[in-house]
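Colleague: Relevant sequence annotations retrieved from TrEMBL are reproduced here:
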COMPBIAS  1-10  compositional bias 'Polar residues'
REGION    1-68  region 'Disordered'
COMPBIAS  17-42  compositional bias 'Basic and acidic residues'
DOMAIN    74-329  domain 'BOP1 N-terminal'
REPEAT    336-377  repeat 'WD'
Amino acid sequence: MSHQESQKLGNVNPLETRVEDVIERGNNDFLDDNHDQDEHSESSQSHQAVDESDSSEDEVAPRNTIGDVPLEWYKDEKHIGYDIAGRKITKKERQDKLDSFLASADDSKNWRKIYDEYNDEEVELTKEEIKHIRRLLKGKAPHAEFDPYAPYVDWFKWDDAKHPLSNAPEPKRRFIPSKWESKKVVEYVRAIRKGLIKFDQPKEEPRFYLLWGDDSSSADRTKHLAYIPPPKPKLPGHEESYNPSLEYIPTQEEINSYQLMYEEDRPKFIPKKFTSFRSIPAYENAIKDSFERCLDLYLCPRVRKKRINVDPESLKPKLPSRKDLRPYPSTCYLEYRGHEGAVLSISVEPSGQWIASGSKDGTVRIWEVETGRCLRVWEIGEAVQLVAWNPLPELPVLAASVGADVLILNTGFGNEEEQKRIKELLHIGTPTSDDSDDMSSFLSWIQDEKYDCIRLRHYRTVSSIEWHRKGDYLSTVMPAGESRAILIHQLSKRLTQRLPFKLHGLPVSSVFHPTRSIFFVATKKNVRVYDLLKQKLIKKLETQLREVSSIAVHPAGDNLIVGSKEGKLCWFDMDLSSKPYKTLKCHPKDITKVAFHRSYPLFASCSDDCTSYIFHGMVYADLNQNPLIVPLEILRGHTSYDGRGVMDCKFHPRQPWLFTAGADSLIKLYCH
């Protein structure tokens, strides 16, 4: 039997197909009666040839030619396959089981016989085949002539060898069974029994399959890596033509300019014109281009990108409607006119009845909020950088920063008892200075007779003023003050003390916590949070901004916003992280001021682009829920003057109103 036939038999036992002479003899018995004598003689001659030669090349082709077809297909048929002439080969009549049992009992050679289902016949094994089977069952080679212990041939040349193979005897551990391997086997057996290691289930072959189906779309290839076709090279255009148009042919000046370029920027192909296709010379860079193409295919990584159709609207965050977030300031209701220069700062009285403003024209004005009437004016004579109203309603005093001086002004509001208390508070008999920590060299408390107020004279320009919630403490920031850049003043005792912490960087602004003894100091890069009672640093907030311009603390005290000179606004949730929770890029120019509303979930920012942005900022009591930030409105109306826009913004303490101060000397009130 040939090697090709053994592959076609598939599931047939190989022991049933080794005896060629028996198979040929059985084939002759099963031939139809219509076969002539010549066919019988040819089969006998082929039988003799098989006995004489063991070569697989001399084996005769099998009688059965059904191919690689399951025998179940012929289970209900009277024939099994076809012969060379195309005639059916009938099955051999089966003997009765009782007769076959009696015949096998009388036959002494019955144990050598096996049934060949493929050719429908019994085959008797020879003595040589039985010997082969016994050797295979014992784990030996089928041929007795094979020597498994052939002498070792040393193929290595030992003469003048730098690193010859070791001639040391084999260690004993190579011949002793490994205990570690036996332990591992036990572990694997236990894991299999417990179900920790699961084997792949045998794949069930489908009963039916597409005879003319495409193998490339079968499920067998889904487990393997997908074939990614290489990118196709660029198709030749008009420039590669042997007779291109004149506009594609470069001039001599252009060719000379190519020589001045770098080699990687120089065009690889220069169009030329030929009279005929036959006159084109061989391309000199053909091998080089082919090599570079092969390198591109070999080294260039290819990735199959799946295109996902996503609705752009689904990517937008689901925010509540602006109508549901009312009230918030949206329209300009009133303008306060009277300043002749840019209004640098504004501050609202705690009850919301009056507003104070400081201008570049050197005046401090107090306005009535509802009517816009100017009630009082202080002619300072120098640009007023900052104004801050005392947070206590029973102490209506105003702090104003003028250069290096801070004035504590009496506004004149309140009843007689309050005015009497204020005059006693603002009266200093003789100029005093705080001697603690040598404060007299850089700060002094002076009685100003002109304005009947207290003048705090610093040795550097003051850039920020903030009142404590109790109204007795006042913090000032001097960016050029070095170690004494931030000072805290006590108005009742007329004492001044510097912040007992080392400042890393130039300070910009400072804010007191609304309810606790915590102090926020903003430098140009970071925001540091200090505990004044324990006198230690609590947290350092990394703004990741170019330069901080202003900060504001939420009324609850756990969140704050930071404005920068690059137009970015950062929201910090101190319970969440030391990095910004949200960074909003809203203004194209510098942000000058940021502010929170005391009672409404609103915060605002103003910029030199003459706009103010209103945001909804809801902070929830549930720590598992993040703050909700929704942009609401852009307020316009101020005009730019000398490159500056809106200088300051403040919320009304009770109503959802916003006051803005602009460089155009106007103060605007925006209402809902």
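Backbone N, Cα and C atoms are what each Cβ position is placed from, and that goes for glycine too.
Just so you know, TrEMBL annotations are computer predictions that nobody has curated.
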Colleague: Six or more residues out from either end of the repeat 'WD' (336-377), which same-chain residues have a Cβ under 8 Å from its Cβ atoms?
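Modeller: Same-chain contacts beyond the flanks: 383-393, 396, 398, 400-401, 409, 411-413, 641-642, 644, 647-655, 659, 661-669.
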Colleague: Over the domain 'BOP1 N-terminal' (74-329), work out the mean pLDDT and round it to an integer.
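Modeller: Mean pLDDT, the domain 'BOP1 N-terminal' (74-329): 81.
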Colleague: When DSSP states are grouped into helix, strand and coil, how many residues of the repeat 'WD' (336-377) land in each?
Modeller: 0 helix, 23 strand, 19 coil
